[in-house]
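Now, the feature entries from TrEMBL:
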DOMAIN    1-146  domain 'CWH43-like N-terminal'
SIGNAL    1-19  signal peptide
TRANSMEM  29-49  transmembrane segment
TRANSMEM  61-81  transmembrane segment
TRANSMEM  93-113  transmembrane segment
TRANSMEM  125-142  transmembrane segment
Amino acid sequence: MNMAAFLALVVAVLRFIQLKPKVLNPWLNISGLVALCLASFGMTLLGNFQLTKDEEIHNVGTSLTFGFGTLTCWIQAALTLKVNIKNEGRKVGIPRVILSASITLCVVLYFILMAQDIHMYAARVQWGLVMCFLSYFGTFAVEFRHYRYEIVCSEYQENFLSFSESLSEASEYQTDQV
């Protein structure tokens, strides 16, 4: 479960970076990032605190994951339709709206079933909800294929020379002693 939380966090940051130069009002993009970060934190709580040991914390994680996850889906669907990357906004946005609606329906149904203590059917709805979330995150592949992300890590040095460059420079300045 923690791996899923980490991957959701990676998707959140990549999506934020992808949309940052394209949105006019950044508050929607920032709120999408914050919502998915909180959903990732909820997934971490779900993974680390089992239902049988710490039911309260597990249920808080469930609420965070499903609540902020649903909010994230709606925010990202709106951003997709608004930004329209490479004129694929409708092709990706309409399935995201449909998936967001089904996720919302599943969340409402899940909490209704839990309130009525019908745990067996609530668990089934929960698994359906997870499958909808996974399908939703799969739709990001359509827009991520247009971008290339690189991580560059270097230390600033004024006269940085590689080993081979320093050897070639040293051989230029040596005189033959034969």
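Note that Cβ sites are derived from N, Cα and C of the backbone, with glycine treated the same way.
Each residue in the domain 'CWH43-like N-terminal' (1-146) gets a DSSP state, and the totals come to 125 helix, 0 strand, 21 coil.
Across all of the domain 'CWH43-like N-terminal' (1-146), the predicted model scores a mean pLDDT of 90.
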